[in-house]
Amino acid sequence: MQNCQGNGRPDKEYESWRWKPSQCDLPRFDGKKFLELMRGKTLAFIGDSVARNQMESMLCLLWQVEVPKNHGNKHMQRWYFRSTSVMIVRIWSSWLVGRSAEPVDVAPASVVKLHLDSPDEDFFQYLPSFDVVVLSSGHWFAKQSVHMLNNEVVGGQLWWPDKSRPMKVNNIEAFVRAFSPDHYEGGAWNTGGSCTGKVKPATELVENGFTNIMHEKQVMGFKRAVEKSKNGSKLRLMDITEAFGYRHDGHPGPYRSPDPNKKQN
């Protein structure tokens, strides 16, 4: 779906890199075995561009075993593997929570309203039909938005009209989960930063205050969830933040399309 080399990317060394755990053996992904294990089930990737990249990577691996049928529409991508009746689904949900556009109190219509106490119905209505769900989101909480609880304005990101009144909820408080840190250089996503042009994994981690405080909040949130867990629920945190600090951004950058006039920075 995003053929970087077909769209003009000149280097190929990245094809030889792979993750190698230090304390165990990670066998090569077996697409045929995966489809057998998932026989008759639906795997859904829900979230932002990270979810899209994960879904596309999974399809690339499974495509080597069988070419799926496209059963999707504009609301939901659906790829069906006939031999095992496995369905791979992707639904876009930037923040994973409910959104509205109409003005509320001091919040204008021009800024999206995030209802932190309700899920995004674009995907929530389909959850009963999914067997495995992978949620991916995080970086959209750095974009402009209004935070709401019980239909009351309680905070915002890159928006707050009353500087004399403290927010009840900032973008750190609004979001709790592990996520892949960004790799912008020369500025942030909205100040001219860029994360393209990388051809090898990072050799050292670059300190990032936003990533650190998000990570601290995520670990605390997980510990709180463990303390409140009931009915023998088993919770595990796969902490990806440090590991993915060495993996440059997964977006294809200028090689997203074959446009000959694309910018190279």
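Glycine is treated like the rest: Cβ placed from N, Cα and C.
These come from TrEMBL:
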- 2-25: domain 'Trichome birefringence-like N-terminal' (DOMAIN)
- 26-155: domain 'Trichome birefringence-like C-terminal' (DOMAIN)
- 168-262: domain 'Trichome birefringence-like C-terminal' (DOMAIN)
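In the domain 'Trichome birefringence-like C-terminal' (26-155), the DSSP tally of helix, strand and coil residues is 33 helix, 47 strand, 50 coil. Helix, strand and coil counts from DSSP across the domain 'Trichome birefringence-like C-terminal' (168-262) read 29 helix, 2 strand, 64 coil. Per-class residue totals from DSSP over the domain 'Trichome birefringence-like N-terminal' (2-25), listed helix then strand then coil: 4 helix, 0 strand, 20 coil.
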